[in-house]
Amino acid sequence: MRFYLTYTEEVKQALAAKSPVVALETTIISHGMPYPQNVQMARDVEQIIRDNGAVPATIGIMNGKIKIGLNDGELQEFAERGEVEKVSRRDFSYILSSGKTGATTVAATMIAADLAGISVFATGGIGGVHRGAEDSMDISADLKELAQTNVAVVCAGVKSILDIGRTLEYLETQGVPVVGYQTDEFPSFYSRESGFSVDFRTDTPEEIARMLQIKWKLNLQGGAVIANPVPLAYAMNHDKMEEVILKALHQADEQHIAGKNITPFLLNSIKQLTAGKSVETNIALIKHNAEVAAKIAVAFMKQQPRAQMGFV
Amino acid sequence: MRFYLTYTEEVKQALAAKSPVVALETTIISHGMPYPQNVQMARDVEQIIRDNGAVPATIGIMNGKIKIGLNDGELQEFAERGEVEKVSRRDFSYILSSGKTGATTVAATMIAADLAGISVFATGGIGGVHRGAEDSMDISADLKELAQTNVAVVCAGVKSILDIGRTLEYLETQGVPVVGYQTDEFPSFYSRESGFSVDFRTDTPEEIARMLQIKWKLNLQGGAVIANPVPLAYAMNHDKMEEVILKALHQADEQHIAGKNITPFLLNSIKQLTAGKSVETNIALIKHNAEVAAKIAVAFMKQQPRAQMGFV
Amino acid sequence: MRFYLTYTEEVKQALAAKSPVVALETTIISHGMPYPQNVQMARDVEQIIRDNGAVPATIGIMNGKIKIGLNDGELQEFAERGEVEKVSRRDFSYILSSGKTGATTVAATMIAADLAGISVFATGGIGGVHRGAEDSMDISADLKELAQTNVAVVCAGVKSILDIGRTLEYLETQGVPVVGYQTDEFPSFYSRESGFSVDFRTDTPEEIARMLQIKWKLNLQGGAVIANPVPLAYAMNHDKMEEVILKALHQADEQHIAGKNITPFLLNSIKQLTAGKSVETNIALIKHNAEVAAKIAVAFMKQQPRAQMGFV
Ligand SMILES: [Mn+2]
Ligand SMILES: [Mn+2]
Ligand SMILES: [Mn+2]
């Protein structure tokens, strides 16, 4: 297994020293945001993690290796996109065996983080149950991953275009804790409200770290959703955003956009319809998630360092 | 792990001696029945298990510890309710880490029983697919737990307000055996009939024990549903009960009852609509399940004792 | 565990020598085709595997033993049918513990192959999401098995009467790779087309073997669907077959055929409606899958033999 993992020097030393490390995904860079905002965001997020006492490990697959941490040129490569594939669990081994380069989704980043012994991961929003999935059965592999892989994911909810209520039902069936960080309400990505409750509210990184420690000591397999609302200054109005999203979905439908093209199309529509404000909010919430994730990682490693399987 | 488990002296000795033990849940006490019928039922059920050659281990979480067996005062505390939370898989680690007290559902009781090395568990009815879940996706975590945790659950079917057919489909997909005990038909909690078949009929505790032994020796992960119909003397008419349940569901709908309030509301409606007979039947079927579970546990330990992981 | 597995001499020697072995199922013999075409097909398929450098291991349960490889008389017994039960994951331990004989489905054959340390399995079509399952929740246990058991299944798609689109959605959620062998399009059993894409195309057995090696080295639990279209000479027209299948489903509906009787009824209807050509195509695709599976098994064992758990 070790053969497939490569580390930046910074991450390597942090793992060896059992210092806190926070995983980051590459799909958010390659598919989630336009260039050059994406690479700027990626660098800012890494710095925020360092400023909060942890080491960032941006994760992707390049030329048949799982990269735990990317150097500047590698980050640039994911940001400028081109041929980069999106890698979920089902694609993971093929992208490696074929020597391709792939940006890891939430599911694939969780897998890689777990292999490297990293327990905390910051992103924007996780995948979930798609609108209409009660008919289409289109449900993101991120949810199944959360049910089986021991990584906590700090996010501002599910990606904005998904079905929040059914995603929470699915997570309940699978036994995944949905933890509010300083909130009783599950946030809805661009907004702090959704009308749905979290399973339980926590107010400190230490509480979350303690829960994770016990969860994994008892072999309760799987991760946790740490729901962290977008900072108030950047939060958008919930009802207006729901309108915007419905309009974007309607446009996609009218123009017969489907498959891999749908997410970039919707993100662009939403950007247009909000006069660019959605991208600002998106960046703000990711930065906030990075900060909270770093604090949780610090608390977690203070309480008891996990054996780092991939590295040592 | 051992740090989180505490035992009554009776259970401790039984586990150390590899004597048969039967797990019992606390949600049935705290949320399933009014006081003081619930505490009386809980004590009677424990005695029935002893009378049939096994030791009862009523399971709950108190002040950050998993209780394997409750003493009289603790049982009383769950029975009188108040702030007791309902704990399923998703809540398990948080209730422990926050030092709270929680009544364990079928899923959480299975987890705790498995940690303690207890293989047989008696309850009333398991959770399942909710009516309307083909749209709402509301499916109990009990079903996922049955797919992954090695504990046999003796029950009179699924809780009466659920969708039996779709629950059986879900269990089939997940590979969970649905075993009839002295029945070809899957029972419907208050009634002995449902119109649905079990996967296979068994007629003795030994047959069931043998199946479980082989299942777990072959590493076929997960539990089994042991479907044990309510005794004839207490059985209610299937069609009449279906009418009662539909009426109760209708009332809940009209009065906009939702979330955590719905189950107690429905149980109360059903009680009213049956002039109290539903509670009698409920108690009778639980006692019968306890008896059958004790016999299976005795047979199971005779065939070959399982290593008791939590304790030894 | 070893106690429950028995081997033919041919398979025993192959496993001991770490030679390539291909698993085959018995349900395809007992329930998938009329006698004596089924036994002829079974023998031909075994020979094709030998001709391609691997050893066939037809799997079934007889008198409480898991048979890894069947001798002539045993094969005959499954082919002539009678009381043979269909065994999926849920039935596996019961059929063993009750000493019955059972034909293994895709799910059960995967379990047995995995216990014996066999990594490649050839069949006709796998189970999947049933038409109408967005309402009925009728989803084959084969899909859940693919998500958890480390065996690659070479097939010509899903059984013809299922819902291809929703099956692919389910597999994506579960993280199961759907690999095209010399095809970009997911085949539809009798036809080479379906309108749906595979996750990625491969063109050589070596590529597939390499992907499997990495998958399992990284502990990415579960199997893979190797989608291998029916040879052109035997392929049927996709639109015409879809019409035929809809007609057969309609007939089943009209005649109130349900439960265990539905698959044989539909297969017979389809045979009638295609003047017997469907059976020919069915046999041709199974033979082709056996050939490809043997080649994958040979490549897999060359790259690095898996520890054979059951045998050694
Ligand atoms: Mn999808
Ligand atoms: Mn629910
Ligand atoms: Mn089915």
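Heads up, the Cβ atoms here are built off N, Cα and C, so glycines get one too.
The structure displayed is predicted, hence computed values, not measured ones.
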* To which of B:VAL106, B:VAL120, B:VAL154, B:VAL158 does TrEMBL also attribute binding of substrate at the site defined by B:LYS86, B:SER140, B:ALA141, B:ASP142? -> B:VAL106
* Structure fact -> CB < 6 Å to ligand 2, subset of recorded positions B:GLU25, B:LYS86, B:VAL106, B:ASP142, seq order -> none
* Of B:GLU25, B:ASP138, B:ASP142 (the recorded positions), the residue whose Cβ has the fewest other Cβ atoms within 10 Å -> B:ASP138
* Asked: Where among the binding-site residues B:VAL106, B:ALA141 do you find the Cβ with the fewest other Cβ atoms within 10 Å?
  -> B:ALA141
* B:VAL106 (substrate binding site) and B:ASP138 (Mn(2+) binding site), distance between Cα atoms, whole Å -> 16
* Asked: List, in sequence order, the same-chain residues at least six positions removed whose CB sits under 8 Å from that of B:LYS159 (active site, nucleophile)?
  -> B:GLY124, B:GLY125, B:ILE126, B:GLY127, B:GLY128, B:PHE189, B:THR263
* To do: Under 8 Å, Cβ to Cβ, against chain A: pull out the ones among the recorded positions B:GLU25, B:LYS86, B:VAL106, B:ALA141, B:ASP142, B:LYS159 that qualify, in sequence order.
  => B:ALA141
* Asked: According to DSSP, does B:LYS159 (active site, nucleophile) fall in a helix, a strand, or coil?
  -> coil
* Check each residue in the chain of B:SER140 (substrate binding site) that is at least six apart in sequence and keep those whose C-beta is under 8 Å from its C-beta; list them in sequence order. => B:VAL106, B:ALA107, B:ILE126, B:GLY127, B:GLY128, B:VAL129, B:HIS130, B:LEU162
* Asked: Can you list, in sequence order, the residues of the same chain other than B:LYS86, B:VAL106, B:SER140, B:ALA141, B:ASP142 whose CB lies within 8 Å of the CB centroid of the substrate site?
  -> B:SER88, B:ARG89, B:THR105, B:ALA107, B:ALA108, B:ILE126, B:GLY127, B:GLU145
* **B:ALA141 (substrate binding site): secondary structure state under DSSP, collapsed to three categories** => helix
* To do: Write down the Cα-Cα distance for B:GLU25 (active site, proton donor) and B:ASP142 (substrate binding site), rounded and given in Å.
  => 13
